[in-house]
Amino acid sequence: MQDKSIKKIVLAYSGGLDTSAIIPWLKENYGGCEVVAFVADIGQERGDLEGVEQKALQSGASECHVVDLREEFISEYVYPVLQTGALYEGTYLLGTSMARPIIAKAQVELALKVGADALCHGATGKGNDQVRFETTYTALAPQLKVVAPWREWDLRSREALLDYLKERNIPTTASLEKIYSRDENAWHISTEGGVLESPWNAPNKDCWVWTVDPLEAPDQPEQVTIAVEKGRVVAVNGEALSPFGCLDKLNAIGARHGVGRIDIVENRLVGIKSRGCYETPGGTIMVNALRAVEQLVLDRDSFKWREQLGLEMSYVVYDGRWFAPLRKSIQASAEALAEEVNGEVVLQLYKGQVTAIQKKSANSLYSEEFATFGEDEVYDHRHAGGFIRLFSLSSRIRALNEKK
């Protein structure tokens, strides 16, 4: 049931076919309401932003606001997740999941600024993004109403959307030929649909956008040096850069070596399994650099705790609960562990692989004196016997009981 009391809606606008159709649809179905378009710049293809304001206005928006969120996205969303080591279902670096809360937060801020009484997104009724957007809306501005066109309208195909715009003389560069659904930001690009809808089909070359085929990558490996401070990448090859600057540089380096490709089937929050090809070249390099420093710095219990934090964080972020107390608690714990994660790593990139070949840290717990396989004077091997007897005591008692 469409709420005719809504007077002004802020739409999360991308300039694509769906959100271009949403603007006139909102005006027609919500009593001629005013639609303000909000565009989040989170590092997507620059061409997607060219002319986006004019496109929004031509579609019927009263205003279009483009907000640069690139640095905030990497510094305040990506880096905290990196510190936990989160990988959803062991492989996915959460590129789309991390982007939705910052988009929704900035959208809410604009809505409050312009006096809107509703928020709108273009996420479908089968995906995770509707949950992520609306959970954020509720956490930050529960008084604002939410409009989700894909759960209301009867425009169910790309052809129907194109016809809808054509009937209203609204220009669009979209065409029927689009096969794949893609999501892109500074951290990653994902590809779904098309040939990927059957898990028995191998991805073709069109399923990959950023990275070269690892088999066609350079025959000579490339080394890259990463500086890490408090679990955050701060410099690449000796050049101090902002968080976005570090990622942007590593994306370019990693992409030419075919780094960061995964092809996975994941469990969506809404109960559906979906398949996607994800490319995260710079992020994959960063993850390897951080793990290399952690190997030097974190003791066994701290490393195990960090792994548990990463597992919990992966579900919190994937499920869209960024503004929940649990995420803040996990992040605080991860930041405490990361205080000592400082160092420098040299990684070798070769045909899709990333290998840490050199690493050092002022906080390293690695001691050559204790670790040597040669003769040493700092470790008394006789001490190990007592430790083993105590460590295995419960096993000894159990075995003795079984013999009674």
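Any Cβ shown, glycine's included, is placed from N, Cα and C.
Of the residues proposed, Gly122, Gly125, Gly127, the one Swiss-Prot records at the same ATP site as Ala12, Tyr13, Ser14, Gly15, Gly16, Leu17, Asp18, Thr19, Ser20, Ala40 is Gly122. Taking a C-beta cut-off of under 8 Å and a sequence gap of six or more, Ser181 (L-citrulline binding site) has these contacts in its own chain: Thr191, Glu192, Gly193. Counting every protein chain shown, 21 other Cβ atoms lie within 10 Å of the Cβ of Gly122 (ATP binding site). On its own chain, Asp129 (L-aspartate binding site) has Thr96, Arg100, His121, Ala123 as residues at least 6 apart in sequence with a Cβ closer than 8 Å to its own Cβ.
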